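Student: Sequence annotations record features per position, and here TrEMBL assigns domain 'Glycoside hydrolase family 65 N-terminal' to B:16-270. Per TrEMBL, domain 'Glycoside hydrolase family 65 central catalytic' is recorded for B:327-679. Marked as substrate binding site by TrEMBL: B:Trp361, B:Asp362, B:Lys592, B:Gln593. Look at TrEMBL and you will find B:Glu488 tagged as active site, proton donor. Under the heading domain 'Glycoside hydrolase family 65 C-terminal', TrEMBL lists B:689-750. The region 'Disordered' annotation in TrEMBL covers B:752-783.
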Protein chains: 2
Amino acid sequence: MITHPSFDVRPWAVHESTLNPDALARTESLFALSNGHIGVRGNLDEGEPHGIPGTYLNSVHELRPLPYAEAGYGYPESGETIVNVTNGKLIRLLVDDEPLDIRYGVLRTHERTLDLRAGTLTRQLEWCSPAGNAVRVRSQRLVSFTQRAIMAIRYEVEPLDTTLRLVIQSELVANEPLPGGGGDPRTAAVLESPLLLEENASAPDGAVLVHVTKGSHLRVGAGMRHEVTGPGDVHVETDGGGDVARVTVTARVAPGERLTLVKYVGYGWSARRSRPAVHDQVVGALSAAATTGWDGLLAEQREYLDEFWSGADVEVEGDAEVQQAVRFALFHVLQAGARGECRPIPAKGLTGPGYDGHTFWDSEMFVLPVLTYTSPAAAADVLRWRHRTLPLAQRRAAQLGRQGAAFPWRTIAGRECSAYWPAGTAAFHINADIAHAVVRYLEATGDREFERETGFPLLVATARLWRDLGHHDVRGRFRIDGVTGPDEYSAVADNNVYTNLLARQNLNAAAELAVRHPDRARDLDVSVEEVAQWRDAAAAMYIPFDERLGVHPANEGFTDHAVWDFAATGAEDYPLLLHYPYFELYRKQVVKQADLVLAMHACPDAFTPEQKVRNFAYYEALTVRDSSLSACTQAVLAAEVGQLELAYDYLGEAALMDLNDLEHNTRDGVHIASLAGTWVALVSGLGGMRVRSGQLSFAPRLPSDLTRLCLRLRFLDRRLEVDIRAEEATYRLLDGEPLTVVHHGTTLRLGADPLTRPIPAMKAGPRPQQPPGRAPARRGAGD
Amino acid sequence: MITHPSFDVRPWAVHESTLNPDALARTESLFALSNGHIGVRGNLDEGEPHGIPGTYLNSVHELRPLPYAEAGYGYPESGETIVNVTNGKLIRLLVDDEPLDIRYGVLRTHERTLDLRAGTLTRQLEWCSPAGNAVRVRSQRLVSFTQRAIMAIRYEVEPLDTTLRLVIQSELVANEPLPGGGGDPRTAAVLESPLLLEENASAPDGAVLVHVTKGSHLRVGAGMRHEVTGPGDVHVETDGGGDVARVTVTARVAPGERLTLVKYVGYGWSARRSRPAVHDQVVGALSAAATTGWDGLLAEQREYLDEFWSGADVEVEGDAEVQQAVRFALFHVLQAGARGECRPIPAKGLTGPGYDGHTFWDSEMFVLPVLTYTSPAAAADVLRWRHRTLPLAQRRAAQLGRQGAAFPWRTIAGRECSAYWPAGTAAFHINADIAHAVVRYLEATGDREFERETGFPLLVATARLWRDLGHHDVRGRFRIDGVTGPDEYSAVADNNVYTNLLARQNLNAAAELAVRHPDRARDLDVSVEEVAQWRDAAAAMYIPFDERLGVHPANEGFTDHAVWDFAATGAEDYPLLLHYPYFELYRKQVVKQADLVLAMHACPDAFTPEQKVRNFAYYEALTVRDSSLSACTQAVLAAEVGQLELAYDYLGEAALMDLNDLEHNTRDGVHIASLAGTWVALVSGLGGMRVRSGQLSFAPRLPSDLTRLCLRLRFLDRRLEVDIRAEEATYRLLDGEPLTVVHHGTTLRLGADPLTRPIPAMKAGPRPQQPPGRAPARRGAGD
């Protein structure tokens, strides 16, 4: 399965043993480091060759016009797109005047390791220059979780055979040229030279550059500061100008000696603060980092991660790849959200320019579940960001003639950036997804301060939208017509089951909190009549059901549509959206990602067990998984209906999406939501974890290949461990007050002592069939 | 009602008694002359001031890129847009060195008359230059119906008070600057300098310019030739260069004397022929025109129109405005189609740049009905054009993964130019509309040659599309899901009644002709099995019906949607598409143009009389008529259900759409389909004319204000007159063999003698209500 022979499987690391120049862009994404505020792609220290150079600051974006051959009312005129900011990771090396460039000379060895416990990317290489001078280079970089403005690099060179004159050039470079975009509409727009220089200030051991983005007027500061150690006479000088600042270190170094550079890079940005303020912010961060020192930063990094893993690790026995993948996934999810601090989590995190750097609904529905149960403060921060953009969402709703809030389908700073309304504006479910994430967070944390200040206003604004968007028909059913659910192969349909179910939850949750916070309700002009309307709409919510087939149609009328002609669809015709017109996808029974299946996960009590079995089998036959978001949800429901081997196959697909580049676009950044889905597939899938009315429950079952699955998670200020084996599961409270949990329907009172319970047998039906050629790769030997 | 006080109402002319400089663009459209091949807007001879300068050759277009912020599979990358070709109508006058310009000096009188029997636009003015020199100018222009490459102008100047030196500059000018477009997406794209010069050749009395369009590589030739008569020494010289050619006439003219110029302008274009060939074509046409002479062209023009009116005129007594309007309408419809000769009829004819010069489905559904019964050869030509573009439509179908043909929603040369697929690609009904027009033409003419060579291949290709586009559901119903009907305020819906009914007719007609032309069927690979499939699909066609309301939903599920909040919609919110997002329009019960009502007109036997009454009343309450295509169809059904005064009101709206500029966009060209709708409202509406299975039938009834309505039309090589009064109707065969016609359900055998029959009384229900503020203006005193 590993398409990359240079990767090997390690439990706590991603290790690359040789460099594959053709896969550079992909490995840059996999080896990206981030703390949610700063993101740096795994570009080689010397900058070239590269796939896509990338350094990002969360929410630093540029505006670009959105053109329409035929415009329409309410179409966004301007889009936000991620900016490649000043590159601070550049360290060039001259070996007796010859630049280290792996395309020349002989690269004897090249190894890179992403260490998931240390939070570092290390690189070691031996290179022999065309003139025959060999050096060993070791570099290690981190983006600090504890000092959010700081990235740091330790760079060490050692001559192998003879004394050499070594020159290290450490740089800050803005407006790097970027490779052009492809024809795929999902590829990010390329922006040339988005940064205008405001300041280029040098110091003896460093420099500060301050730029402003041209259209969005965001001020970006980047600074560097160095510590050099080396033998004998080491000469350090600073120069630069324009978009470049450079510190040059020159020394003669003998074999056995080492020239070492520690580079601290600090970043800051602001839409409001002045150039001096941003300058000083960067310099201050650098001072703090230098005071901490390289070893101090390493120690802080490990301590931060130790704390994270203590409440988040997932141990998998019986599948080393999945073991590696889930830790890799958790690491990237943490990286994406750890220090965002009221900023969004983009679909690619800060690992690449894919999707223009936008965040989507999957932040709330796939990423936040992981953070809520492993790093809840990060989840709260993302929702606080949504709350901060509430005025924009309310303005958008007003533009659309709606009450309440209409959150953007895709955005960086809160403005709607979707230029295709049937899959953008019409996808109102984003609003219920945000509400769902609020409810989930509140159930998992009991955070009343958040509930009052952030959760309740979000629930009110979204509940108002739903009440306004739907209407009662003559039979008294509350209908939500003409909207698009998560499945992008249907659009602008009536009564999407997913949307209606989540809207119902949203309305009910808003009504409930209005009772609990009468003062806040008053502040928000929520009257008892309005609350009654929410309850009434929720109670009357229309959930279509096809009695003839005994399944829920994804949307009203869906099951009357023609089934896609899968037999006539070749492997080369996928993903379908690149080979068939939208109208054809929308009018047929074919599913990109099964939103009806996702509805069964998100609203487990809205379906009977029999309905789940029938629905799952029905949608399995229609779902092509052209979305990276699909497999994990299918794993969850496969497990719930007892299809454990199928669940395991889907788990494998979710887990290896990026490591094996299954969708061939990891080059543009890793799929944060699909990575999160690895955890979801294991915890909610094989672990059967749900929270029902605040009650944490599990229904663990393992596929035959896995001998053990041990989950750790945080819930209501406790850390909990669920240790699952084939026949039994052991529940362990790692800290905190006693807690009730449910094991396969039985309530357990969990205190200091672990409790072990047997796993009941389950008889599953025949394995559901997928469309021809679209079955997941078989992972297990089982069945 | 006449918003233009300078217009008066004449039965056979549109006469403007003073010039309103603010209404120039509108009058340029109204006074445009065309023969379907050449179109010239009613710009002032001297070129300025102008609203929009315009000279068009049918199908001469340029390509322009269609931008998409988010592209999708199958989106057209390039659009076709009408080109303002070389202006040959320009005649400037210098009066003792002062240019005639109505913005300077004193315009004492200015009259223009569009003569609907002569086929000319005449202009007469008296102007006193700033220096006090007064002249009278008379000009008359025509675009010849008989010599299709020719426009001609007679221009005469007469000093009024003193002898003057007069200089007439007659020009050909290419690449005239055009005014910029507005923000309305429907406004045509502005193209700057689309023509590349190939030749500028002068002769003593004229010149020829040959250009090529930059992107579409169409060669356009324009030539002029002059006859000058004047007193004494008249000096004529030719000069020019680049995009201009100029013939200058200089003379001293005394009061009572006249300087007269006859200008023949010839046009030719080709995608294939060489520069010399196009040049010679133009020169040849000019020779023929000069040989015919000005008086000869006038005589030919009148003769052509006499012949037309003899089988087309509609006399209206009791409403002089409608009398004028229907003749104005017929004249423009004739102009749009007369000599197109296998070219399309654009939505604006050749009267302006609106809609980019594209043709749409309304050509087949509104314009061709008029031509079919008044100038059937012109109708056949349009369908021959469709047939000629069949390979492009088949290629488009293949691109969309479809069988058969997918004709473009909007086009000039046959390529799909719609950049918004929900209202473009998804509006597959265009294909059934073409088939409907074929059937109508065949029923009206019995043209077997056309049937074999043109009609049958069109029906086969479109029937194949329908068979492929629909599917049988488990109940055996043949469904057509996810398409857009004519009403643009719904989109991408299942089982649009209009579409399904017309598709049914299309399938049945194709099956019928396959039996009649087995050899042609063989040529087209039509097997008996395929024909059986067409019949089967037609027989099983699903026509949804809302049993609860007793009405047909426009689309399946339509009547479950919320009714638009008309009470909250102000007059300034119309047209709705400029003030509300598409998603909101699509999900509500609100209708731009009532396609269900149009279905009742096009397929009269698919509905019971009771259903028609109920349906009409239901959709009246939902239809806002943001489309100029709506009123005439509502007039037809209002008349059928006995709402004669309402029918009369809608007739008035259709009739005055352009003359009174009801939609404020006549400036971009007249609405050919709405003009045609005037005839439809009178003939199919008040006359109750239908053709049912080849049988011509009438059910005439007059609203109280009209004392007489006398229709002439052509049917199966006969001319027929129906003379309708309040109590009776007289049928008269003007030539040809006896014919059966139906009068209010009674079959009459009509021979040499006229037959008079009484009109039966009808009891109508209450007048249906329209949305608040959207009732048509009351026209009659009746009710």
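Our numbering is plain: 1 for the first residue shown, then up by one each step along the chain.
Cβ coordinates come from backbone N, Cα and C, glycine included.
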Student: Going along the chain, which residues six or more apart from B:Lys592 (substrate binding site) have their CB under 8 A from its CB?
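Tutor: Those within reach of B:Lys592 (substrate binding site), by Cβ under 8 Å and sequence separation of 6 or more, are B:Asp487, B:Glu488, B:Tyr489, B:Pro575, B:Leu576, B:Leu577, B:Leu585, B:Thr623, B:Val624, B:Arg625, B:Asp626, B:Ser627, B:Ser630.
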Student: Of all the Cα pairs drawn from B:Trp361, B:Asp362, B:Lys592, B:Gln593, the residues the record ties to substrate, which distance is largest, in Å?
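Tutor: So the maximum pairwise Cα distance among the substrate binders is 16 Å.
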Student: Mind giving me a neighbour count for B:Glu488 (active site, proton donor)? Other Cβ atoms within 10 Å of its Cβ, every protein chain shown.
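Tutor: Other Cβ atoms found within 10 Å: 21.
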Student: Using the centroid of the Cβ atoms of B:Trp361, B:Asp362, B:Lys592, B:Gln593 as reference, list every other same-chain residue with Cβ within 8 Å of it (recorded substrate site), in sequence order.
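Tutor: Here the nearby residues are B:Phe360, B:Met365, B:Pro486, B:Asp487, B:Glu488, B:Asp595, B:Leu598, B:Ser627, B:Leu629, B:Ser630, B:Ala673.
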Student: Taking the domain 'Glycoside hydrolase family 65 central catalytic' (B:327-679) alone, what is its mean pLDDT?
Tutor: 97
Student: Among all protein chains shown, how many Cβ atoms are found within 10 Å of the Cβ of B:Gln593 (substrate binding site), not counting that one?
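Tutor: Result for B:Gln593 (substrate binding site): 24 neighbouring Cβ atoms inside 10 Å.
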Student: Looking only at the region 'Disordered' (B:752-783), how are its residues distributed among DSSP helix, strand and coil?
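Tutor: Once the DSSP states are binned, the region 'Disordered' (B:752-783) shows 0 helix, 4 strand, 28 coil.
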Student: Tell me the Cβ contacts of B:Trp361 (substrate binding site) under 8 Å, same chain only and six or more apart in sequence, or just say none.
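Tutor: The answer is B:Trp409, B:Ala427, B:His429, B:Ile430, B:Asp433, B:Pro486.
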Student: Other than its own, how many Cβ atoms are within 10 Å of the Cβ belonging to B:Asp362 (substrate binding site)?
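Tutor: Cβ-Cβ neighbours of B:Asp362 (substrate binding site) within 10 Å number 24.
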